[in-house]
């Protein structure tokens, strides 16, 4: 009877349909809007159907209610009381008992009992939203309810131990990953919490104050300071959720042992590539004809927002104190602001207080915006919390009155189109290159065939001409022979004619005249034959030119040009060699003159001496004027001189390496030689040629370049130490050994190359050259040991190196002691320096 009176006062149930009546309605369900035409459905901005089609699709906020089963405390405390709610899932209704005789009935989009599985909850509440997100719409799934009613269980349960317990967050990401392609689409997530009106990053706890940015034109809200992590698989997403849950603020209250003290917000950003002509478009006349839109690459950007709201609570029931009390106030204020905004939107109020809380600013697209929104309200069965349950149900009822305008956010995919056009362009270029190569091959083949035909025709005409010429010569010789015979016969007749008288004289004269005429006739025939031969030759030439005259002329011109270029190159090489020889002789003569003036013995090849005194003499050459080798470098060009190092002529190669060696003696030229590749060419000569002169001069040039720190590093990097060591082991000439020892000695003075010099065998090679016994070689060996010992001593003083000296490791100490009192001053001076540095090394 109580139920009947309630029904007669607030509404009636007839024929299985709900009908609202005047008075305080007990059937408070805004789901009737789904049965009302869209033109009369409440919305914030009334628009025409045409503008509605242009701007979006209407979509009401869907609300489902879920009942939590009794917990252990409620089973004991409320054992004598019935549940405060009664569910009718088949009718999608919920009855709220106000007391033992009065109830109120509410209708929702879905009613989920305490036995509803997590999978069913997801399919009813979140799956339609996820499908819309994959189609390009924004979507929101939110859980609202009193603390301890199962919001976090419904939304954020990971299901580590039981996969059937997975919540909406996990299941949503499974469908999104399954519905996207790793090749063309991208999925990224941000995990945040709104704690005490401060937005904090759960994936980066140090980022604890993220600002909200609103687009002044569109009003879209974004969080540029939040961490975005791209998701490639489900396991990666689960690890991020676990990381975020460890950073979320929770506390133990009387109502919930793990009460969330913040609003958790998971944002999933989906970017999908589509082609516009995938869907057929119907014509205005509703017939069966369809046409396809032009192919246009598009990018659809959508966002799924999953919100686990902190539970509303009454302080006297939760027992919050101190800081937890402040947290409860902040939670209730933000939830209250959200309720005010939903009321204003549902009632078409001109002002919506979105800026009262950061929560409402973040959810402005979810209520009254462009997102498809689904809300699940969670309630408990205990009659002790009837007030909180009533408030939650009314919140859901008001949310059902909000209608959003769903829009797809898509933009032209310029990047994809550009990439596609680049691929097509590459194909066209490749095809063009293939066709051009085939055309060039055909032209070359035709030219070869034409040349072969021309050669064959020329050969045939030459053979025919030679045969004709031989034939004419034979006929001419035959005629001459006959004439000679006739002349002899006529002379005999003439002698006989003296005896025979005048008659015979007349006969002889007539015979001579006849012979003369025959001879002239033969000459005319010969001339005619030669003219005929010339005519045939000219005709053959004309025929040849008429067929392929142009190609033959071009070929002959090209051949002449090539011969001219070869001849010019040979002349340039000869001029370069002559200039280098002249400069070499001038330099050696000038140096010899200075040596004679100073009373010192001359040096046959000064450019390869790596000692500082020799180097200073080279800089002071020609009494302050420009050095002859610098003049040669300006006149001829350093690149051409270096090219002569690769000449096949041994003499040219020797002269070129001498010039380079003398140029390397000038400090100003060393960097230019190295930049032009001269150092690499010298090392190649040292590696490739066994000629003693080339090796000696090349080693001297390397020794000069080794005085520069940059060149030293390049020598080591290009394997110069190993090459110098091999040359030292093979050479017997004292001058070659002096150059090699000087180069290694210069390298020993670089602190950075100590370990490399020792590991590549430089010290052993230096000590191995003492076998020569020549004073100049020994002086260079002593200088290298002194330089190496100085660097080791400096490294030990600076604390960079410790331990035994590498010189002692390679057995240098006995030789140092043996030559400590050497008669040669340079050797003795360097040995003393080496002993001092070794003593400092310890």
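Glycine is no exception: its Cβ is also placed from the backbone N, Cα and C atoms.
Remember, it's a predicted structure, so these values are computed and weren't measured experimentally.
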Which one of 509-529, 530-550, 551-571, 572-592 shows up in TrEMBL as region 'Disordered'?
530-550
TrEMBL annotation (region 'Disordered') - matching range among 598-622, 623-647, 648-672:
598-622
Which ones in the same chain are close to residue 146 (ATP binding site), with CB under 8 Å and 6+ residues apart in sequence?
255, 311, 312, 313, 378, 379, 380, 385, 388, 389, 392
By DSSP, what is the split of the repeat 'ARM' (677-720) into helix, strand and coil residues?
35 helix, 0 strand, 9 coil
Residue 149 (ATP binding site) has its Cβ surrounded, within 10 angstroms, by a count of other Cβ atoms equal to 28
Long-range same-chain neighbours of residue 152 (ATP binding site), Cβ under 8 Å, sequence gap at least 6?
143, 167, 260, 264, 308
